[in-house]
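> What Swiss-Prot shows for this protein is this:
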- 1-23: signal peptide (SIGNAL)
- 52-98: domain 'Gla' (DOMAIN)
- Glu68: 4-carboxyglutamate (MOD_RES)
- Glu68: Ca(2+) 1 binding site (BINDING)
- Glu72: 4-carboxyglutamate (MOD_RES)
- Cys74-Cys80: disulfide bond (DISULFID)
- Glu75: 4-carboxyglutamate (MOD_RES)
- Glu75, Asp81: Ca(2+) 3 binding site (BINDING)
Amino acid sequence: MRALTLLALLALAALCIAGQAGAKPSGAESSKGAAFVSKQEGSEVVKRPRRYLYQWLGAPVPYPDTLEPRREVCELNPDCDELADHIGFQEAYRRFYGPV
């Protein structure tokens with residue numbers, strides 16, 4: 001077992017040394033802004049999907065939740081709120097106030 005561990009460590013060390021030998025030297029030869037790219041180059045690399053079909057309308061407004069008023073009524077009743085935590089809001093509302 002020790003021999004296997006030693007062999008694995010030696011192989012890892014050899015790979016690290018070989019990787020450093022093939023790497024570019026850092027310093028004067030490396031370009032000044034190698035870590036940063038312009039916005040144009042970045043947008044060519046990362047193509048974002050178009051989110052909205054009609055750009056001139058702007059961002060779509062999220063749809064209003066039709067159950068929100070009922071959810072607030074259920075939250076004001078401690079028993080309904082506790083039951084909603086266990087079985088879900090719609091079922092708790094139905095049991096206390098009738099069909100949703």
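Just so it is clear, glycine is given a Cβ too, placed from its N, Cα and C backbone atoms.
Thinking about packing and proximity, how do these listed features fit into the structure?
Its Cβ taken as reference, Glu68 (4-carboxyglutamate) is surrounded by 9 other Cβ atoms within 10 Å in the chains shown.
When secondary structure is read from DSSP and collapsed to three states, Glu68 (4-carboxyglutamate) falls in the helix class.
Around the Cβ of Glu72 (4-carboxyglutamate), the number of neighbouring Cβ atoms within 10 Å comes to 9.
Listed in sequence order, Cys80, Asp81, Ala84, Phe89, Ala92, Tyr93, Phe96, Tyr97 are the same-chain residues six or more apart from Cys74 (disulfide bond) with CB atoms under 8 A from its CB.
Within the same chain, the residues at least 6 positions away from Glu75 (4-carboxyglutamate) whose Cβ sits under 8 Å from its Cβ are Asp81, Ala84, listed in sequence order.
Around the Cβ of Asp81 (Ca(2+) 3 binding site), 15 further Cβ atoms fall within 10 Å across all displayed protein chains.
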> Tell me whether Glu75 (4-carboxyglutamate) sits in a helix, a strand or coil according to DSSP.
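SS state of Glu75 (4-carboxyglutamate) = helix.
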